[in-house]
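Taken straight from Swiss-Prot:
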type    : residues : note
BINDING : 70, 122  : substrate binding site
BINDING : 122, 148 : Mg(2+) binding site
């Protein structure tokens, strides 16, 4: 897991063309917001959305929410102008769509020299090149684009996301190998709370830092699922205490609840506590 000073349990897409949605986002319980200029904006609204979002980011206070701008691709008529407009914007990262190889990030890096870059992982080629992409020195985050990936694969939706497992796993491996944040794809049925919870739990258990969301109604479940539970925090504290006590007696392992606790378990326990502390700090900010 990447060491984060900021949680990414809930990452909400907001269309850059919708002024009311941009205003409402100030009060939402999202850890991060993706201000979208790409898929969520119609072609005839692209230029308006760019201007509206630029002004909004300059004038609206989103508190400590992590602000990500998803631009249009460099192969479109809007991509370069998007990057030029937001190169020095009040954003925390620029999200590049449909990254298929590390070279896709080079032109963007030149136009946006100061902001961190995130990559949308949503093509078959991107899955196969995930390690190369994750190694790019400017990249700090990955976002799974499961809708576009499903379209490219020609796969049908199943609750276990069987067709997605290979791609999700490759991107997770790449992100963890290079210390990146990585968030899972969206769940389209925003009124299906049971289905959303199950998919959030699957993503959490796989190792994702959080989930991208398409509707504010999904925030509560994502935040809950991707937060360490009181039981997990209590266990982490007991594991650390038992291991430190064992070390004081010259032992390299401890036993907690009938299970061996080694150094690798302590690393995980400390990560659990660090995540809980980051969430608490974010809530208090």
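Quick reminder: no glycine exception, Cβ is built from N, Cα and C everywhere.
Positions of the features from Swiss-Prot, shown on the structure.
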residue : record                 : Cβ neighbours (10 Å)
70      : substrate binding site : 24
122     : substrate binding site : 23
148     : Mg(2+) binding site    : 18
Distance from residue 148 (Mg(2+) binding site) back to residue 122 (substrate binding site), taken between C-alpha atoms, in Å: 6
Residue 70 (substrate binding site) in three-state DSSP notation: strand
Separation of alpha carbons, residue 70 (substrate binding site) and residue 148 (Mg(2+) binding site) (Å): 15
